[in-house]
């Protein structure tokens with residue numbers, strides 16, 4: 001018998017319909033479901049594929065460096081970071097003739113180019129890169145790492161180099177190595193790079209391999225370290241009139257605690273950043289010696305978990321049985337990893353703009369907007385994935401006997417209470433927030449804006465005040481000049497921090513009012529509803545009141561008629577699918593809020609946000625409509641400009657988004673009938689009927705069509721907003 005795709009499933013390979021192709025693609029990466037898979041081979045396949053993933057990442061970052069070195073303007077950008085526009089790469093073939101060529105020739109380039117809104121120029125400049133040669137060197141090194149990763153991936157699939165199952169299940173050793181090696185050593189190495197290369201570069205000193213051993217990063221070298229006078233490393237920091245990249249106003253300190261921002265670059269002090277990474281390295285190097293391996297010192301994770309039992313009362317058996325449950329479930333581990341990564345990605349979005357680490361990035365407004373939006377959307381997808389794999393864990397890996405009366409079992413036991421409380425919170429937030437917005441809308445429409453219900457966010461203002469913001473007049477903690485907290489930090493990091501918090505030229509602790517209060521609660525509604533759908537999907541994955549027997553139906557069973565009371569939208573996959581729409585919706589509100597508030601801040605007209613954000617028509621008219629004008633003008637009767645590509649992407653994004661509904665709002669019968677008609681016509685058309693196919697064409701399954709619809713909806717939604725965001729910001733600020 002000939003081998004047909006998919007080789008990993010003989011059952012599917014013998015399917016006579018086109019279902020074979022689509023199901024084959026859908027399950028290609030679901031190694032667990034493949035024929036003759038063993039637990040050991042499963043782990044080995046996943047391990048090897050990680051090297052492939054690394055190879056792609058290294059190749060991609062190498063490409064960034066290479067194209068900027070080849071076609072960019074890094075060296076001229078360095079001379080004037082605030083006014084030269086950074087070039088990402090050239091455009092080979094600008095369509096639409098001479099006007100397009102002229103529109104896209106910018107940034108001092110000889111021909112049409114794309115502008116970089118990724119922040120890589122600021123990043124490379126901050127870490128000490130200065131020439132195109134530096135960029136080429138980096139690109140080659142990453143290309144080498146990419147090749148090395150591919151070789152490592154192939155190598156770990158060879159019989160002699162395949163790790164055993166026991167190696168994968170050795171959680172203590174893995175944690176020690178990841179904590180010490182991955183986080184500890186890499187943070188220490190990064191501190192080293194900052195101290196030996198980046199900080200000297202910021203002071204006009206060019207350190208490379210040829211003079212690396214000759215240039216002391218600190219005048220007294222290791223002396224203060226060896227004599228215990230560590231405070232010397234913080235003495236004589238860069239002054240407030242330091243010009244970044246030059247010796248003018250530069251100090252000699254390497255590890256400081258200045259707080260706040262460098263006045264010229266509006267980014268964190270490099271010496272503060274180095275200090276931070278050194279502290280992180282210290283903590284993680286210690287943490288990496290915490291767990292017991294074959295040396296017989298440290299904690300056993302299993303013992304730790306078994307010991308975590310409540311002292312008394314009806315609180316169950318705590319963490320008993322959790323070690324084996326987690327250690328034997330790849331989906332549980334992936335769920336935990338994705339949840340952590342999702343949170344950290346969202347925190348990256350928040351901190352990249354509020355505490356910018358890269359020189360001059362805070363004054364590149366389009367880049368700030370792009371990076372915030374990019375990281376928030378990625379966080380959303382990763383976090384929904386965490387719950388998806390949590391649900392798969394319950395279906396494939398959860399063993400009730402192993403987890404009797406522990407925290408996992410008890411979550412399942414009182415899932416109705418969890419779900420109903422989340423539901424209540426979502427309903428409360430939704431009705432009250434919408435009620436306030438709509439009330440305010442009506443008041444504006446009737447010409448009585450003074451009758452709006454405007455609520456000051458006094459608790460949030462109080463928290464900001466506790467951190468040192470004096471605008472609101474709360475005399476508390478760091479905003480109280482005679483408090484112990486204020487006095488304790490006055491000589492250390494406080495002057496810089498307090499200046500940063502109370503200065504209106506940055507994004508740290510923006511002044512908030514009734515508009516912020518409302519949109520905050522709209523976002524809270526989105527977060528709680530998304531969480532409700534995801535949590536319910538995971539907790540009901542094995543069985544629910546309607547259908548107690550879900551286990552054998554798997555993760556993604558489709559609608560199954562009225563026989564069991566109707567099984568539409570009750571598989572764990574359906575919950576994930578519905579949650580992604582809510583996730584996109586929520587992050588839409590988050591990014592609208594962030595962008596509008598910042599546009600008004602950067603333009604110096606914050607009153608526009610404050611006055612228009614308290615009612616829905618304000619958002620529609622003064623944010624969306626007003627800011628889409630540049631976009632819609634990309635093409636006009638007078639020709640075109642450099643925003644035309646975003647205008648096109650805006651339209652194209654809407655098209656992709658709308659295509660999603662074709663898959664989401666239709667039934668299989670319609671498509672099957674259409675397919676049969678087309679196949680019939682094909683077979684009866686001369687010449688066309690010379691082309692035959694073996695698989696009988698059938699419509700997509702319900703689950704597949706939903707996936708295709710969701711993919712188009714998501715991609716179109718993000719493309720549309722990306723074009724709007726970049727065009728409206730760069731159209732105003734360049």
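For all residues, glycine too, the Cβ spot is worked out from N, Cα and C.
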Q) Which one of these stretches, 216-234, 235-253, 254-272, 273-291, shows up in Swiss-Prot as transmembrane segment? A) 273-291
Q. Swiss-Prot lists transmembrane segment for one of the ranges 75-99, 100-124, 175-199; which is that range?
A. 175-199
**Q.** Which of 670, 671, the listed binding-site residues, has fewest other Cβ atoms within 10 Å
**A.** 670
Q | Sparsest-packed of the listed binding-site residues (559, 568, 654) - C-beta count within 10 angstroms | A | 568
Q) When each of 46-69, 273-291, 369-395, 517-535, 575-596 is checked against the transmembrane segment (417-439) for Cβ pairs under 8 Å, which one has the most? A) 517-535
**Q.** Distant-in-sequence Cβ neighbours of residue 662 (chlorophyll a B3 binding site), under 8 Å, six or more positions away
**A.** 709
Q) Looking only at residues six or more beyond either end of the transmembrane segment (273-291), which have a C-beta under 8 A from one in the stretch? A) 171-173, 175-181, 183-185, 187-188, 190-191, 194-195, 198-199, 234, 254-257, 297-301, 357
Q | Inter-residue Cα distance where the pair is residue 671 (phylloquinone binding site) and residue 568 ([4Fe-4S] cluster binding site), in Å | A | 19
Q: To the nearest whole angstrom, state the Cα distance for the pair residue 670 (chlorophyll a B3 binding site) and residue 654 (chlorophyll a B1 binding site).
A: 24
